[in-house]
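Working notes, structure below.
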Amino acid sequence: MIIVTGGAGFIGSNIVKALNDKGITDILVVDNLKDGTKFVNLVDLNIADYMDKEDFLIQIMSGEELGDIEAIFHEGACSSTTEWDGKYMMDNNYQYSKELLHYCLEREIPFLYASSAATYGGRTSDFIESREYEKPLNVYGYSKFLFDEYVRQILPEANSQIVGFRYFNVYGPREGHKGSMASVAFHLNTQLNNGESPKLFEGSENFKRDFVYVGDVAAVNLWFLESGKSGIFNLGTGRAESFQAVADATLAYHKKSSIEYIPFPDKLKGRYQAFTQADLTNLRNAGYDKPFKTVAEGVTEYMAWLNRDA
């Protein structure tokens, strides 16, 4: 059995889909379905069982055996960069992850988990997986950073696989439940389908991020499980592309050309990553050599998926 925490969420459900595509269906999804809309991410997937994340944690902490576990993909977390309840964030993202990590270490179960490019904070170059480059801007980024630091202490002594992925700007199918945290491509598509003019912040040609397609993210996760490699790795494309490029690809799909530019909100000033670009040196040195989709390629595929029933 393979366990995917956050399996009804964005990246987790895409990992479940990638496993299904390989013929794997003996999957336990762990999540919190208080937001019941997330069920839509699972309706077309095949899983063996579902468990609430709190019930799962109780079983983990009691040391109860869950059966023959091949691996745990730990994608479950509060991923809101605008959430400032630090106690909630640390309980949910840090303590929970530690409990799960130790459960895996004691049983030599491969543990593959979601870290984040938010660990780098507001820097504009050298996104390298090393302490001197890390300075998160928000408590979400801090919770991810601190768990990475915890893993770094344990890695040299670990007898089983531990691998963390610093996800950059992931976009693609199954993110609709994320609301304001969904990608720009998702929001632009929604605006266009509602007959509204698509909106971008002023200066969006200057805001550049490493936008990585979720199908590529899932593929990297599965490759690492098969390879058995451990470590903490950036997971982006290695290319920074502008929000304008995302808009251009979305507009091209919809055969539209006009866009409305809106003022940049004060509440985001100083807390907003204006530039991200993954350094893929470590990922490539680990042996992952497949190409990543460009924004034009990924957004076009995503638009086809979003509008498949239109």
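Glycine residues also receive a Cβ, built from the backbone N, Cα and C atoms like all the rest.
According to DSSP, Tyr140 (active site, proton acceptor) sits within a helical segment. What Swiss-Prot lists as active site, proton acceptor is Tyr140 (among others).
For Lys178 (among others), the entry in Swiss-Prot reads active site, proton acceptor, with the evidence type sequence analysis. Under DSSP, Lys178 (active site, proton acceptor) is assigned to a helix (H, G or I) in the three-state scheme. Under 8 Å, Cβ to Cβ, and six or more positions away along its own chain, Lys178 (active site, proton acceptor) finds Phe10, Ser79, Phe186.
DSSP assigns Ser79 (NADP(+) binding site) to coil in the three-state reduction, placing it in neither a helix nor a strand. Using a 10 Å Cβ-Cβ cutoff, Ser79 (NADP(+) binding site) registers 22 neighbours. The NADP(+) binding site annotation in Swiss-Prot covers 10-11, 31-32, Lys38, Lys53, 75-79, Asn92, Lys144, Val170, Lys178, and the record cites sequence analysis as its basis.
Taking Cβ-Cβ distances under 8 Å and a sequence separation of 6 or more, the neighbours of Glu202 (substrate binding site) in its chain are Tyr261, Ile262, Pro263, Phe264. The substrate binding site feature in Swiss-Prot is assigned to Asn169, Ser180, His187, Phe201, Glu202, Gly203, Ser204, Arg209, Tyr272; the stated evidence is sequence analysis.
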Practice item. Spatially speaking, which of the recorded positions Tyr140, Asn169, Ser204, Tyr272 is closest to Ala77 (NADP(+) binding site)? Use C-alpha to C-alpha, please. Key: Tyr140
Study note, to complete from the structure: Tyr272 (substrate binding site) sits from Asp31 (NADP(+) binding site) (Cα to Cα, rounded, in Å) at a distance of 28
Exercise for review: Can you grab the distance from Tyr272 (substrate binding site) over to Lys144 (NADP(+) binding site)? Cα atoms, rounded to a whole Å.
Suggested key: 17
Study note, to complete from the structure: Lowest 10 Å Cβ neighbour count of the binding-site residues Asp31, Glu75 is held by Asp31
Point to revise | Pairwise CA distance, Asn169 (substrate binding site) versus Tyr140 (active site, proton acceptor), rounded so that it is a whole Å | key: 15
Review point. What's the most sparsely packed of the recorded positions Phe10, Tyr140, Tyr272, counting other C-beta atoms within 10 A?
Key: Tyr272
